[in-house]
Number of protein chains: 2
Amino acid sequence: MTLALAEAEAAFARGEVPIGAVVVLDGEVIGRGGNRTRELNDPTAHAEILAIRAATNAKASERIPGADLYVTLEPCPMCAAAISFARIRRLYFGASDPKGGAVENGVRFYQSPTCHHSPDVYSGFAETESAAMLRTFFRERR
Amino acid sequence: MTLALAEAEAAFARGEVPIGAVVVLDGEVIGRGGNRTRELNDPTAHAEILAIRAATNAKASERIPGADLYVTLEPCPMCAAAISFARIRRLYFGASDPKGGAVENGVRFYQSPTCHHSPDVYSGFAETESAAMLRTFFRERR
């Protein structure tokens, strides 16, 4: 989660919403990313999506069972579904996102019958730091 | 929708799940794509995601309000959320997807309070052709 926080800090420095993600397989980082939606003009360039795409590319497979994903904020429906499609084993996230989350909030995708693979979910890691960074970012933008 | 079907046919020919999508703005096609999850080793490379990324890239903006998306199958949660984030105006889709859809089935994302932009949704376009192509694909794979 320390690496995910570093990715979030780097996103902040680039003027992007500060969220970071890391994918780990067998103790090795195989993908990492921070938000780049503005830089790339790409609404899908969330931290999790970039980290997953890097990881599946590194493993030359669209599925990476056994891999774990660490992300500083609760995933949105787009990222929650991508995590499912990639067959991520465990999801560790930081702050909860009542406004946009899709794991413990909103549509709770992993509890839907249309979800065909659910990761084990662990939340609250580095929650304070993750949430503080987001608050600072949005306060500065106002 | 004819162009989306052509993208689905091209995906079929590449050995990918035959789904195609097209983004149109002011009568002009600004993005198109067919499934490439296998070819790209990318679980996020759904037709809609590739079409949206092409469109937002073409317009140099992460949001393309006023643009409409045509896709041969009901979007999954990943794509439904990406459509929302891109501020797509109208969503036209072909076949309904009770197993994996997130618009009229499953989590019905656009009806969630965590969805902050919903496109107008029109369904059933070229439903028969879209569904037949998918059935043929999965029958041949068995």
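Cβ coordinates come from backbone N, Cα and C, glycine included.
Those TrEMBL annotations? Automatic predictions, nothing curated.
Over the domain 'CMP/dCMP-type deaminase' (A:1-104), the average per-residue pLDDT in this prediction is 98. Residues or ranges marked as domain 'CMP/dCMP-type deaminase' in TrEMBL: A:1-104.
Marked as Zn(2+) binding site by TrEMBL: A:HIS46, A:CYS76, A:CYS79. In the three-state DSSP reading, A:CYS76 (Zn(2+) binding site) counts as coil. In the shown protein chains, 32 other C-beta atoms lie within 10 A of the C-beta of A:CYS76 (Zn(2+) binding site).
Applying an 8 A CB threshold to same-chain residues 6+ apart, the list for A:GLU48 (active site, proton donor) reads A:ALA21, A:GLY33, A:LEU69, A:VAL71, A:PRO75, A:CYS79, A:ALA82, A:ILE83. Positions annotated as active site, proton donor by TrEMBL: A:GLU48.
Chain B lies within reach of A:CYS76, taking the recorded positions A:HIS46, A:GLU48, A:CYS76 and requiring a CB-CB distance under 8 A. Helix first, then strand, then coil: DSSP counts for the domain 'CMP/dCMP-type deaminase' (A:1-104) stand at 33 helix, 25 strand, 46 coil. Sequence-distant neighbours of A:HIS46 (Zn(2+) binding site) (same chain, 6+ apart, CB under 8 A from its CB) are A:ILE19, A:ALA21, A:ASN35, A:THR37, A:CYS76, A:MET78, A:CYS79.
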